[in-house]
Amino acid sequence: MARDAELARSSGWPWRWLPALLLLQLLRWRCALCALPFTSSRHPGFADLLSEQQLLEVQDLTLSLLQGGGLGPLSLLPPDLPDLEPECRELLMDFANSSAELTACMVRSARPVRLCQTCYPLFQQVAIKMDNISRNIGNTSEGPRCGGSLLTADRMQIVLMVSEFFNSTWQEANCANCLTNNGEDLSNNTEDFLSLFNKTLACFEHNLQGHTYSLLPPKNYSEVCRNCKEAYKNLSLLYSQMQKLNGLENKAEPETHLCIDVEDAMNITRKLWSRTFNCSVTCSDTVSVVAVSVFILFLPVVFYLSSFLHSEQKKRKLILPKRLKSSTSFANIQENAT
């Protein structure tokens, strides 16, 4: 058997070089054609080499040779070189489909920002697909090493570039602050805030229904300010609590923000409340500060006034001179005698 195989290889070696020789000759023809000066579609000397139809056939044959097809077993290149292994191709297509879905979700959720609450399942899916590619490095030496061929086979490293873009966007939006620890669902605080946010917007819309048929925008939003005051205060209070909780959990990073969905929702509500509706809510902290300031201002007055009223008032005693005493006593004696 070994001898037969050796004979087959020795007898078939010229056929392996036939495509190379043919391709070399075709390239020489093309170089000769390119070197010819021409000013029109039919230039002198062109018919001596190849006609236009033959030139097209040469181009098609050259392309077929370069792609490894069209000649069957006589192909220059291995048939599997331009394409990936089936397993690697499947992993790449899974990542491509997941990336396309996540990209579409991110763009649709750009304004108003609903990135974290809408796209977190798709982000988890992309992370899983990327992890599958990274882990698939081939169990044996003969197995497909998809991680290397898909991630680091070229200078561009497009798969890694796309994955890093998603990760950096997710970190910039701080979506982890809106999700649970495993990132599979929204946190309780986020759900409560979004519920209050929707109720506040519904209150705004309900109290504006009477002005929808007016051609000019209304200038008086007293109904909105009066009826939605409690909802707005509850939303602001919950947002402040979430900020304090986030500050306690991230003492090492004092500038850590809440997730972009919560921040954008609160910014929208504040703009509607203060700029559009021109509503104002008296802050309880301001009242307390003013009261304490007035008390401290009048404290010295109260202190001096109370000390003056409750201090012991000593009566002044006049000391008469001796001469005055003797004269007064003598006058008294004369009065008694008369």
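A Cβ is built for glycine as well, from the same backbone N, Cα and C atoms used for every other residue.
Among the features that Swiss-Prot reports, N-linked glycosylation site is placed at Asn97 (among others), with the record citing sequence analysis. Spatially close to Asn97 (N-linked glycosylation site) yet at least six residues away along the chain is no residue at all, judged by Cβ distances under 8 angstroms. Under the DSSP three-state reduction, Asn97 (N-linked glycosylation site) is assigned to helix.
Proximity of Asn132 (N-linked glycosylation site) to non-local residues of its own chain (separation of 6 or more, Cβ distance below 8 Å) is seen for Leu91, Asp94, given in sequence order. The N-linked glycosylation site annotation in Swiss-Prot covers Asn132 (among others), and the record cites sequence analysis as its basis.
Summarising the annotation, Swiss-Prot assigns N-linked glycosylation site to Asn139 (among others).
Secondary structure at Asn167 (N-linked glycosylation site), taken from DSSP and collapsed to helix, strand or coil, is helix. Swiss-Prot lists Asn167 (among others) with the feature N-linked glycosylation site, giving sequence analysis as the kind of evidence.
Taken residue by residue with DSSP, Asn188 (N-linked glycosylation site) is part of a helix. The N-linked glycosylation site feature in Swiss-Prot is assigned to Asn188 (among others).
Per Swiss-Prot, the feature N-linked glycosylation site maps to Asn198 (among others); the stated evidence is sequence analysis. For Asn198 (N-linked glycosylation site), no same-chain residue that is 6 or more apart in sequence has a Cβ closer than 8 Å to its Cβ.
As annotated by Swiss-Prot, N-linked glycosylation site applies to Asn220 (among others). Annotation note: Asn220 (N-linked glycosylation site) sits in a coil segment as assigned by DSSP. The 10 Å shell around the Cβ of Asn220 (N-linked glycosylation site) contains 10 further Cβ atoms across the protein chains shown.
The feature N-linked glycosylation site is assigned by Swiss-Prot to Asn234 (among others). Look at Asn234 (N-linked glycosylation site): DSSP puts it in a helix. Neighbour density for Asn234 (N-linked glycosylation site): within 10 A of its CB lie 14 other CB atoms from the protein chains shown.
For Asn267 (N-linked glycosylation site), applying a Cβ distance below 8 Å and a minimum sequence separation of six or more within one chain yields no residues. The N-linked glycosylation site annotation in Swiss-Prot covers Asn267 (among others).
Long-range Cβ proximity for Asn278 (N-linked glycosylation site), meaning a same-chain Cβ under 8 A and a gap of 6 or more residues, is found for Tyr221, Cys225. DSSP gives Asn278 (N-linked glycosylation site) a coil state; it is part of no helix or strand. Taken from Swiss-Prot, the feature N-linked glycosylation site applies to Asn278 (among others).
According to Swiss-Prot, the phosphoserine annotation covers Ser326 (among others).
Annotation source Swiss-Prot lists phosphoserine at Ser329 (among others), citing a large-scale study or a structure entry.
The feature signal peptide is assigned by Swiss-Prot to 1-34, with sequence analysis given as support.
The topological domain 'Lumenal' feature in Swiss-Prot is assigned to 35-288; the stated evidence is sequence analysis.
Swiss-Prot lists 310-338 with the feature topological domain 'Cytoplasmic'.
For the transmembrane segment (289-309), the list of distant contacts is empty: no same-chain residue at least six beyond its ends comes Cβ to Cβ under 8 Å. Per Swiss-Prot, transmembrane segment is recorded for 289-309, and the stated evidence type is sequence analysis.
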Legend entry - Cα separation, Asn220 (N-linked glycosylation site) to Asn188 (N-linked glycosylation site) (Å, whole number): 37
Legend entry - glycosylation sites: Asn167, Asn188 - member with fewest neighbouring CB atoms within 10 Å: Asn188
